[in-house]
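For reference, the structure is listed below as structure tokens.
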Amino acid sequence: MPPPKGVRHEHPIESGPRQKGRNNPQAAHRNQKVHVKYLKYLVINVILLPMSKCSQTYNSDAQIGDSAACATALLCGVKTNFGTVGVDNTARFNQCESLGAGAAAVPSLVTWAQEEGGMVPFRFLLECGLPPFTPFNLTSEFYPRYKVDICPLYENDTIYTMIAGMATGIVTNARLTHATPAALYAHAPNRYWEDDSKVPVESRRTCKDIARQLVEDSPGKDINVMFHFLLDHVLLVESVILGGGRRHWEREGRRLDGRNLVDDWLRDKRRRGLLAHYVETTEELSQLNTRHLDYLLGIFAPSHMSFELDRKLSTEDEPSLSEMVTTAIRLLRRNSRGFLLVVEGGRIDHASHYNNAYRVLDETLSLESAVLVALSEVDATETLVVVTSDHSNMLTLGGNHNCPVFPGYDSVMSDVDGRPYSTLQFANGPKFSPGRVNARSSAVPLKWATHGGEDVPVFTRGPMADLLFTGTFDQSYIPHAIAFAACLGEHKKRCSVHAKNYTLLDC
């Protein structure tokens, strides 16, 4: 079976089994906006992804998972310790020396996708009508991630050159340096080292902050390497990075080293002869000419982007998650070798920590819209789509038939104390009420609600979805299953047996 040409990894941060599936509050939330009174037997549209299963989200040293460690399992395939990101469990939280000069670092799906390329005979380029180029063009500047002799390579009097792998992209409405996106490109013993102000002084020489790793190191800076001298032909490779967190990039924000990492990112791309663009608003994003663009960086907020409800009411010019996903796919799918796009609905988790049920559900519907947009933009027969979560949170459901999701439509009273209650409750966090005056209170008072430890759902659709994703499995299995389906990483050779065009440039 040929591999999928596209891989979509949708990642709603918070959604546990209580939040998806039948009798779900998102569906009722959608209906109550049009004055439907009762919770009905409705199914969220994400169930359009037919294969449903569960994954386990514990960390190496914790029963209840942390976002960074869970993201490392979900995107790198390795269980690790609480609070660390992009490293194995030999790394210790907040201890730079435990990284062992990079020995603890682990590759991610992005790393595997970028390395998916193979060797192409030079004669194939000529037969396909591509312009010849001289060995002078083929310098290490264009091949920074390949640990091989610089092209061209001579074998049996044939010149071989390296072609790039999949186009890769990150879309999030959280900070680009936050726990989940960081797992794709960074290796840090502390997920909070998002800029140099958070890194201990004694560690700054040996441990880069997360934002610098995205700009300076592979695979972050190589999302993706592009062969500029074949710009108008089938070797085109693009990258997209869209999200929030500008404060970690600029000297006007929280950086202490005086650097502007956006300028550094643009300078690096220009130095390599690549077409790159930076945007900060919805208007700038919508006006992009994606036909003449290879690299795209968009940072739309100083910290996390706004909750969807607040975004609609705000004068700030921030794009929606769906708008970012649309732009990303339309750019990335131009790559003839396919693409990997990781999308995070990161604000679901933040609303959950605040125990803000309305925004939890509204953010989940925002992610649902992004999923539907994605499904409309890709070919279902050749795109593997995975929708899952890194962990659950404290939202629970409980009540009798016809209990309202939100009080105010029908007030159901307790038969013990006569007070109203909602089907939506929180196991811990803010809004604890000793006298239970709040219809949606938490059981244990905390300033910040915690994560949950139960298994989370995994929804999939596309090539090999029914074969690779069945039953209950560990979270760290997911990226390896994706890699097998798409012939990435250690599974790259599988495609050479089944599909010629995944090893040679097919005319």
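Cβ atoms here come from the backbone N, Cα and C positions, even for glycine.
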Legend entry - Binding-site annotation, TrEMBL, Zn(2+) 2: partner of Asp390, His391 in His304, His451, His480: His451
Inset, instruction - Check TrEMBL: it lists His178, Thr180 as binding Mg(2+). Then name which of Glu323, Glu344, Glu363 it lists for that same site. - result: Glu344
Legend entry - Cα-Cα distance linking His391 (Zn(2+) 2 binding site) and Asp349 (Zn(2+) 1 binding site), given in Å to the nearest integer: 9
Legend entry - recorded positions: Ser67, Thr180 - member with fewest neighbouring CB atoms within 10 Å: Ser67
Inset, instruction - In three-state terms from DSSP, label Thr180 (Mg(2+) binding site) for me. - result: helix
Inset, instruction - Measuring Cα to Cα, tell me the gap between Ser67 (active site, phosphoserine intermediate) and His178 (Mg(2+) binding site) in whole angstrom. - result: 9
Inset, instruction - Please work out the number of neighbouring Cβ atoms within 10 Å of the Cβ of Asp390 (Zn(2+) 2 binding site), leaving out its own Cβ. - result: 31
